[in-house]
Amino acid sequence: MKTLVLLSALVLLAFQVQADPIQNTDEETKTEEQPGEDDQAVSVSFGDPEGSSLQEESLRDLVCYCRKRGCKGRERMNGTCRKGHLLYTMCCR
């Protein structure tokens, strides 16, 4: 059940990322990495009003980042992110 909720949240997050307007500027089309460009934070929360087993600390404060070059430290790869025509790795901790 937890896996289903997590996957549903990730799918909704992917749709939200794709719904953002596409901005084609020279900065986005550069292949050079800019400082901080790969650290786009996304916060995902789980639970219902009455509380449930989904209120565990590990699922309540899931923080994800869209990174160019893979996950760092304690992060785990949880899919992909898209910004415009560029594809990033979604890393969550």
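A Cβ is built for glycine as well, from the same backbone N, Cα and C atoms used for every other residue.
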**Message:** Among Cys91, Cys92, which cysteine does Swiss-Prot link to Cys64 through a disulfide?
**Reply:** Cys92
**Item:** Recorded disulfide partner - Cys71, candidates Cys81, Cys91, source Swiss-Prot
**Value:** Cys91
**Residue pair Cys91 (disulfide bond), Cys64 (disulfide bond) - Cα distance, angstrom, rounded** = 5
**Asked** Taking each of the disulfide-bonded residues Cys64, Cys66, Cys71, Cys81, Cys92 in turn and counting other Cβ atoms within 10 Å of its Cβ, which one has the fewest?
**Response** Cys71
